[in-house]
Amino acid sequence: MLTILFDGIAYGMLLFVLACGLAVTLGLMNFVNLAHGAFAMAGGYVTAVLMNRYGVPFLLTLPLAFTVPAVIGLVLERTLYKQLYARSHLDQVLFSIGLVFMAVAAVDYTMGSQQQMIQIPTWLQGRVEILGIQVGLYRSFIIAVCGVLVVVLQYILTQTRFGSRLRAAVDDPRVARGLGINVSVIFAATFAVGSGLAGLGGALGAEILGLDPTFPLKFMIYFLIVVTVGGTTSITGPFLASLILGIADVAGKYYVPSLGAFVIYTLMIVVLVLRPQGLFARAR
Amino acid sequence: MLRRTLLSAVGAAAAMLALSGAAMAQDTLKIGLILPMTGPFASTGRQIEAAAKLYMQQKGDTVAGKKIQLIVKDDTGTADVTKRLAQELIVNDKIAVMAGFGLTPLALASAPLATQAKVPEVVMAAATSTITEASPFIVRTSFTLPQATVPMADWAAQNGIKKVATLVSDYGPGIDAEKAFAAAFTAKGGQVENLRVPLANPDFSPFLQKVADAKPDALFVFVPSGIGAQFMKQFVERGLDKSGIKLIGPGDVTDDDLLNNMGDVALGAITTQHYSAAHDSPENKAFVEAFKKANNGMRPNFMAVGGYDGMHLIYEGLKKTNGEGGQALVDAMKGMSWTSPRGPVSIDPQTRDIVQNIYVRKVERKDGELYNVEFATIPNVKDPVKAAKSN
């Protein structure tokens, strides 16, 4: 029972690491970036290539799994995404889904379509028993990383000058510009961080979720569910939503396996009917 | 004068004969190889294409005085594309044989075309039992899932396994495997608990926890081979390998193409299948060596051997019919038997399905690499589903 709860939390945390970048770009910047999974995949492949070809230890690959997608994100933001901020959401959807297909084809071409496998260090493998609960070490690691991320992100958004500038830039770019805030730099930086977070999620998730060129398409639905259920105006919303969804999904599959796969969707529909703006967001 | 005319006439006739002979020698027979070369099932396509090309490289490209031309088409694993490609190959390229077919729906999509155009369809990968019933022109050189699964049930029952949990991906082949195993195993007095995992399932943890709580003697698993590695990792992460639960199943989970990358988590898994790259025979040693050499060290898997044997079947069939295709070729293929890298095989004349040995294997480390090492053989297994129907 408690093991199920633990697994659910770990799974939810993983969903959060994967989706929080999207919560940043979609939620804060109001840009429908369906290509989020492509950045996650980029992070996963950075880790896989560094580990398998160059023998870099797993933990050392993680900063790079953040940096490389962040740089890619920055370049794409400056060249492509920037043009679409003012456009309709439909244009943004079409543009970013196009990017996804290009990323899938590019990775398929360069890396091959087979599953990429990574070997996490031995001290992260296996499980220990704490107070009668079977605790997987790697899952605990994900929970720890995710916990740190939530605190840091929440702190940046609510307590720092950058955070308040970002919120101002999102709410009304014209007035923000008038106040001397360099909106375009803030957007670029935010987008880069969002992409980097996606990359980190991809790198952490490769062990549990697997990694192949269809990754962005396979997991797009999960990112979107998290952000939809959580609401898009904060980091805590998607965080709590990931936890609820993770636990519900794992528990559903354990207790009612025949319905298990539908629990997460049912939950999403219920939330959307009751609170269309998301569970933890004010209506705008 | 008359004599001279006669002579020249004979000469001309001889020249014409010689000419037409030369023209015949240059006749080409086209084989359309339809495979998923991109997309999630590209590994299948890659393996079969490599094997087919290797076969042609080894045996030459002339059969029965005709030149063989291989046309490889990529159907991306989508049935409507397969059907369109098959149609194009039959109508435009006038192929003598179509071959390949990575997945069941792909093989079924082109079955009506095979019947209408009387073009033999050699299935080299797809493994649902019913495929050969879809057209009298289908011949299969891969395997059927029940063919690999039922021997697993027999082996488990004979080796002190009483209670088994099955865990399969919730789609056609998975359900096939589950049913075939459960039926055979309960008939031997065993106990089975069935679990189905959604095909798009990122995390196996709830299902594995359920297995851990049920405490069976063995866990029977069938998931598509790409997901196999994820599954194995989580099986070990949960400590199930140490709890005495044996991991058993058909060989997809320990596919030779992926096995080496899985690492030690795969050690000890027991599977039944028709082919392992470690199969101990001179034919297989030569095959594996040539395959690796031609493909940059890539190890052949059960898909590759299906492709290799498929080409062999086509070549030998054409030799028998002297290059004639259609019904004659299918008839020639029926009942044919030969020694494949996987061991002795034959084509069942009634069902046009392959009859072959099924091996029980265990993943072991050999020369620094992971292999499915065979330790028991069940000889000449026919597809049990069709065998049950005909009785």
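Placed from the backbone N, Cα and C atoms, the Cβ positions cover glycine too.
If you look up TrEMBL, you'll see A:9-28, A:58-81, A:93-111, A:137-157, A:185-209, A:221-248, A:254-274 marked as transmembrane segment.
Within its own chain, the transmembrane segment (A:93-111) is flanked in space by residues 32-38, 41-42, 45, 49, 76, 80, 84, 213-214, 216-217, 220, which lie at least six positions past its ends and keep a Cβ under 8 Å from the stretch. Where the transmembrane segment (A:137-157) meets the stretches A:9-28, A:185-209, A:221-248, the count of C-beta pairs under 8 angstroms peaks at A:9-28. Proximity of distant same-chain residues to the transmembrane segment (A:221-248), defined by a Cβ-Cβ separation under 8 Å and at least 6 residues beyond the stretch ends, is recorded for 5, 8-16, 18-20, 22-24, 26-28, 30, 36-37, 150, 153-154, 157, 263-265, 267-268, 271-272, 275, 277-282, 284.
Remote same-chain residues near the transmembrane segment (A:9-28) are listed as 36, 39-40, 136, 139-140, 142-143, 145-147, 149-150, 153, 157, 166-167, 170, 190-191, 193-202, 204-205, 208-209, 219, 222-224, 226-227, 230-235, 237-239, 242-247, 249-250 (criterion: CB distance under 8 Å, separation of at least six residues from the stretch ends).
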